[in-house]
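Pulled from TrEMBL:
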- 1-227: domain 'tRNA methyltransferase TRMD/TRM10-type' (DOMAIN)
- Gly115, Ile135, Gly136, Asp137, Tyr138, Val139, Leu140: S-adenosyl-L-methionine binding site (BINDING)
Amino acid sequence: MRIDVMTLFPAMFEGVFSSSILGKAKDKGLVELNTINFRDYTKDKHNSVDDYPYGGGGGMVLKPEPLFEAVESLTDSVKTEAMPRVILMCPQGEKFTQKKAEELSKESHLIFVCGHYEGYDERIREFLVTDELSIGDYVLTGGELPAMVVIDSVARLLPGVLGNETSAVTDSFSTGLLEYPQYTRPVSFRGMDVPDILLSGHHLNIETWRRKQSFLRTLERRPDMLEGLELSKEQMKWKQEWLAQHNGRDEQ
Ligand SMILES: C[S@@+](CC[C@H](N)C(=O)[O-])C[C@H]1O[C@@H](n2cnc3c(N)ncnc32)[C@H](O)[C@@H]1O
């Protein structure tokens, strides 16, 4: 996969693109990561990327010309089978989810556009980008951190990027549920013990325990994720047990 990021602050990506799993994926040639400073595509003597908003008001607005030219320079020069998705990072966009990460991980080329200042000229939104993504209902100063979040979660899904392929499969959200609790050595730490079942060596029982913990954890922390889901027989049983236990507690 090739990923290009349009940003006014390419230095912000240096650490993220060269460290940990992303850095290794880049070194192994599993993902190509580039930053493009769209200020390089300005034509005026002050290299202006933003201007005052028409109609007045505070804050500056990103001009369309440098961003259009920067993106077009890529789409003209990079030959991909399909046109790349051009993703605008934006608090008004579709909320980013694991499902979206999975969808984007199937593309061969992604272009991210990071804003700064108050906003974008609306023509960028309407005529340049194919997607608008938000990482949550809060406002950051720029699109760089949100783009890093999206790129990290997409890149780790690419074949070969995670050493242990199964770990992405059991991750929270990939299964539609939150992940079950995990333990490692020591068996006993300050009087806190690893559940016996995990030490039993009985794989079938361990699998059932994990499925149950995963379901109960989702029920307790993120009941919204279970809405509209058809529960299996075992999940219905676990839910009834849980409700009986919790109603009992409420009445005490
Ligand atoms: C200060 S924000 C602009 C917010 C804009 N005035 C609005 O109300 O929608 C500057 C830039 O940060 C990025 N940004 C801020 N919060 C974000 C979020 N939750 N998700 C994605 N990008 C975000 C976007 O690239 C945005 O253009």
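Heads up, the Cβ atoms here are built off N, Cα and C, so glycines get one too.
The shown structure was predicted, so the numbers you read here are calculated from the model rather than taken from an experiment.
Positions of TrEMBL features highlighted on the structure.
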| residue | record | CB count, 10 Å |
| --- | --- | --- |
| Gly115 | S-adenosyl-L-methionine binding site | 25 |
| Ile135 | S-adenosyl-L-methionine binding site | 20 |
| Gly136 | S-adenosyl-L-methionine binding site | 11 |
| Asp137 | S-adenosyl-L-methionine binding site | 7 |
| Tyr138 | S-adenosyl-L-methionine binding site | 7 |
| Val139 | S-adenosyl-L-methionine binding site | 7 |
| Leu140 | S-adenosyl-L-methionine binding site | 14 |
Near ligand 1 by the Cβ criterion (under 6 Å), the binding-site residues from Ile135, Asp137, Leu140 are Ile135, Leu140
For S-adenosyl-L-methionine, with binding residues Gly115, Ile135, Gly136, Asp137, Tyr138, Val139, Leu140 per the record, max Cα distance (Å, no decimals) returned as 16
In the domain 'tRNA methyltransferase TRMD/TRM10-type' (1-227), averaged pLDDT is 94
